[in-house]
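Colleague: Features from TrEMBL:
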- 7-31: transmembrane segment (TRANSMEM)
- 73-92: transmembrane segment (TRANSMEM)
- 104-123: transmembrane segment (TRANSMEM)
- 143-164: transmembrane segment (TRANSMEM)
- 176-197: transmembrane segment (TRANSMEM)
- 203-232: transmembrane segment (TRANSMEM)
Amino acid sequence: MKIGNLYFSFTNSSLFMLLTLSLVLLLIHFVTKKGGGNLVPNAWQSLVELIYDFVLNLVNEQIGGLSGNVKQKFFPCILVTFTFLLFCNLQGMIPYSFTVTSHFLITLGLSFSLFIGITIVGFQRNGLHFLSFLLPAGVPLPLAPFLVLLELISYCFRALSLGIRLFANMMAGHSLVKILSGFAWTMLCMNDILFFIGDLGPLFIVLALTGLELGVAILQAYVFTILICIYLNDAINLH
């Protein structure tokens, strides 16, 4: 779509992010319709309650120095982040679907936006004293400029490493499964009994890697979320 000198494209990433958000919202809507769920939860309600309790415990454990009510201000953002990443990662395991989190610009945009938000929270809570994390206490004055530069680079690279970690893990695993699947399918279509028997090896490896990728998809959503909580705790408490 071209408007003047600007191009707007509704890409596969946009489509599957929209599908993921729609799926999550529909799930939560049907689970919590009429103001609440069932007294005896079904499987879908149990899933939503499990995710909710898991993220709530994560926030309470990782973010210290605040009252429970203040912590709850950060809970919706962290819950949405975890749920969105979890469903995006799992959705990418469906054949002929699209893995949003295997694209660097998507994960980098997400990590940088959260990083900017955490920095804003740090300044809101601590004012200019937030900059004290750049210079640890008791550092000799001649070393101060070097340490400030190193700490600043380290702090800024948090956002970059956060996005790269998620992108690299999802892309590498999916690429490996795709390559081995193509190799197994090629051997299966060779119309030769030896190739058919030899195909069992790559086929079993693909099945094992698929199970491993399911674990990685869940783990990466957890790692991304817990790091956000740790960075938020550091910004608030200046650790």
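From the backbone N, Cα and C atoms, a Cβ is placed for every residue, glycine too.
Any TrEMBL annotation is an automated prediction that lacks curation.
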Colleague: Any chance the transmembrane segment (203-232) and the transmembrane segment (7-31) have 3 or more Cβ pairs under 8 A, given the pairs are 6 or more apart in sequence?
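Modeller: In this chain the transmembrane segment (203-232) does not contact the transmembrane segment (7-31) - fewer than 3 Cβ pairs sit under 8 Å.
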Colleague: What residues elsewhere in the chain lie close to the transmembrane segment (7-31), defined as a C-beta under 8 angstroms and at least 6 residues from its ends?
Modeller: 1, 37, 44-45, 47-48, 83-84, 87-88, 91, 97-98, 100, 103, 106
Colleague: Do any residues, 6 or more residues outside the transmembrane segment (73-92), come within under 8 Å Cβ-to-Cβ of it, and if so which ones?
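Modeller: Distant Cβ neighbours of the transmembrane segment (73-92) are 16-17, 19-21, 23-24, 51-52, 54-56, 58-59, 63, 98-102, 110, 114, 117, 121, 166, 170, 174, 214, 216-218, 220-222, 224-225, 228-229, 232.
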